[in-house]
Structures are given as structure tokens and as C-alpha cells.
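Peer 1: Structure below; questions to follow.
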Protein chains: 2
Amino acid sequence: MDVLHEAIRERGSVVSDHILKVDNFLNHQVDTQLMTMIGKEFAKRFQGQSVTKVLTLESSGIAPSFMAANTLNVPLVFARKKKALTGSEDVYTSRVYSYTKQELNQVIVSKEYLAEGDRVLIIDDFLAHGNAALGLTEVVEEAGATVVGVGAVIEKAFQEGRMQLEMEGYQVESLARIESLSNGEVTFVDEVVTNK
Amino acid sequence: MDVLHEAIRERGSVVSDHILKVDNFLNHQVDTQLMTMIGKEFAKRFQGQSVTKVLTLESSGIAPSFMAANTLNVPLVFARKKKALTGSEDVYTSRVYSYTKQELNQVIVSKEYLAEGDRVLIIDDFLAHGNAALGLTEVVEEAGATVVGVGAVIEKAFQEGRMQLEMEGYQVESLARIESLSNGEVTFVDEVVTNK
């Protein structure tokens, strides 16, 4: 997705060999025009698969999945990392370790909003080690629902997230695949030039 | 806003005299079509005021403010409750006590995304005691920027949030104003019938 590659290159910054900061347009300040294009692209890639719910994880997943759910005309559910106090309800839960934040989070979804028969598209901002996405697939399976696939805005293709998800049989669609963040530079997968 | 009143009545549930649960369409499962109408209504109420940023608080503020920022064609910034590990940056902060969650949170915004000269529209899901909104106004003022106004999807008009904000001179726009949650029923402000 050219417009996303451009945003990453011009408005992102490489913090280290494994950390890309995109809080200019994705996970602190949000470019809602770009998020709209991203949401529509996800919808396009999973159209015809009878998606009934889009599922993401608070907070950074909400903006990029908003227009996907809107375009597919299905509800968006964002999993919580903490149980709400107003909720006495039953929940599905799994546990997710965040390498970036170095903390163990829960993934919590009320049983009211995922049911057997649901066909769920999972969307998140980043796909790296795959832990968040796998945590989300666990709650979907716990509900007896079906994971239609996993969409990520940015994939760190040098980490094992995609492999983990594909091993479980899930379709993975990333809108920008990063091959490397070495030497302070972003290299996308489709830009790798091999000189043999 | 009739469609919102209808959603609150039909899909919300009264948990107690002061807690309304709207996780069916607003803060867990999200009705993005309704959020689109809500965002456009906020944009309309603050149009002509040269808004340069929409500011909200993660996570529940993101969905209702997304289309407001999109319609006004300005960036959306969501304040974080915890400092990100990828961020070594300078931040504006304030502290907010959440009565609903019974916890003290920080409100954190990177100095990169609020500046002197910004005209900021603050949007949140609920206006109750006004603490979250006041915390957001504090970071805006710390940045030397201007608060254009505060928009809330649902106002608990029986609590003091509006009064607190109006005392500070801020324009407050709520799309649904709840007079009472007594006896397990929602009564809106404009529906209060006085029989004298």
C-alpha cells in the first residue's frame, strides 16, 4: 500500500533495529484519512468471506479497524486489557505478553459480543511476534467462533508473527511488510534488492 | 440526537443509579455507523471555530471522535494513560481520577502533537464528574494551546461535570443528556415532564 509506505518512511522514525515509532499517524496522533484508506483495504482483502465481526485490541487497534468494520457493515469489538468495573458479565480471556511494553496483558471480551457462528476478522496495528493476534484468536476459538483471518497495518517480517499465525492455518494480510530496520532505515519486503 | 437516545434506551442497560452500560454500541462493541453520525454531529457543532486538532482519551474516546476529526479534516490525538516505552519524548501530563474504574490515571500527550496556536476540540464518551475532560483541558493549556470546546457523547446531567467545565469558560456539547438513571430507567433531560 503505497500511501502507507510513504507515511512510514516520511512520518515514522526508527528507534532501534526492532522498534519503529509511528505515533505521528497511527498510535498516538491518528491520520483518520489514512486510517480510512487502511480500513477499506482490509475490507477489500477479506470481502466475500462473510465476516460478521471485526475484533481488535485496545487502544491502538481501534483507529485502523474502525473503517474496516464500517465498510463491511459489521460491529467492531475491541478487546480490553483490563476488566471493566461496570461489567459483572462473563468474559472470554487470554494472556498476551507485549515485548514492546514489556508487560503481560489480558485480552478480555464479553461473552455477549462473540458467539458460535461468528466469522471474525482480527485487525491490529502491528504484527511482530504475533502474541497479540494469537491472544485474539484464542478468545475467538474459546467462543466457538471462526477466525476468518488476521489483518495487520504494519508487519515486522523479520519476526515470527506471520509464521506462528500461518502455522495455525490463518490467512494473514499486512498492508506494509518491513524486512529490516537496520542502520536506522526502513526497508520493505518488496524493496529488497538481491545482487547475486 | 434521536438515534443516540434510541440506542441508549434499546441497547444500553442501567446498572445502578449512576452507572449506564453502553458496551453494546460504544465502549466495547462499537456501532461504527452510529459513531459516524456522532462524529459528524460533533463536527457540525464546532464548525467555523477553526479547530486544528481533536483530542480524546484512550480507549473509549477513540471511536466517537474518529469521524469528528475526519470530517473537520484535522488530526485526532488520543491521550495515553501510560507512557509508551518507545517514547523517550517530552510529554504533557495531568492526573485524572476515574470514579467508574476507581483508579487514578495519568493523561499523557507527547509535546510533538500539541503546540501553541493549536485550537483543540476535546471529545470523550462520557461526561460525568468532568475529571477526564478537565485533565484533557489541563494538557492543552500546558501546551499553550486553546480549548475550543468539549464534546461528550453521553452526559450524566445529574453530576457536576458540565458545571465544572462551564465555570472554566468552556463550551460543552453533549449529544445525549441524562437527567436520571433512577429505578433502572433512563430519563433524558429534554423528556423531564413536570406536573405542577
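Every residue gets a Cβ built from N, Cα and C, even glycine.
Where the annotation comes from TrEMBL, it is an automatic prediction and has not been curated.
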Peer 1: In TrEMBL, the residues A:ASN27, A:LYS156 are said to bind xanthine. Which of A:LEU20, A:LEU34 is said to bind at that same site?
Peer 2: A:LEU20
Peer 1: Around the C-beta of A:HIS129 (5-phospho-alpha-D-ribose 1-diphosphate binding site), how many further C-beta atoms are within 10 angstroms, looking at every protein chain?
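Peer 2: There are 18 such Cβ atoms around A:HIS129 (5-phospho-alpha-D-ribose 1-diphosphate binding site).
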Peer 1: What is the one among the binding-site residues A:ASN27, A:ASN131 whose Cβ has the most other Cβ atoms less than or equal to 10 Å away?
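Peer 2: Compared across A:ASN27, A:ASN131, the most Cβ atoms within 10 Å surround A:ASN27.
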Peer 1: How do the residues of the domain 'Phosphoribosyltransferase' (A:38-157) split into helix, strand and coil according to DSSP?
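Peer 2: Summed by class, the stretch gives 34 helix, 46 strand, 40 coil.
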Peer 1: Run through A:LEU20, A:ASN27, A:LYS156 for me and report the binding-site residues whose CA is within 10 Å of the CA of A:ALA128 (5-phospho-alpha-D-ribose 1-diphosphate binding site), in sequence order.
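Peer 2: Correct set: A:LYS156.
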Peer 1: Provide the number of Cβ atoms within 10 Å of the Cβ of A:LYS156 (xanthine binding site), excluding the reference atom itself.
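Peer 2: Summing over all protein chains shown, A:LYS156 (xanthine binding site) has 23 other Cβ atoms within 10 Å.
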Peer 1: In whole Å, how far is A:LYS156 (xanthine binding site) from A:GLY130 (5-phospho-alpha-D-ribose 1-diphosphate binding site) when you measure between their Cα atoms?
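Peer 2: For A:GLY130 (5-phospho-alpha-D-ribose 1-diphosphate binding site) versus A:LYS156 (xanthine binding site), the Cα atoms are 10 Å apart.
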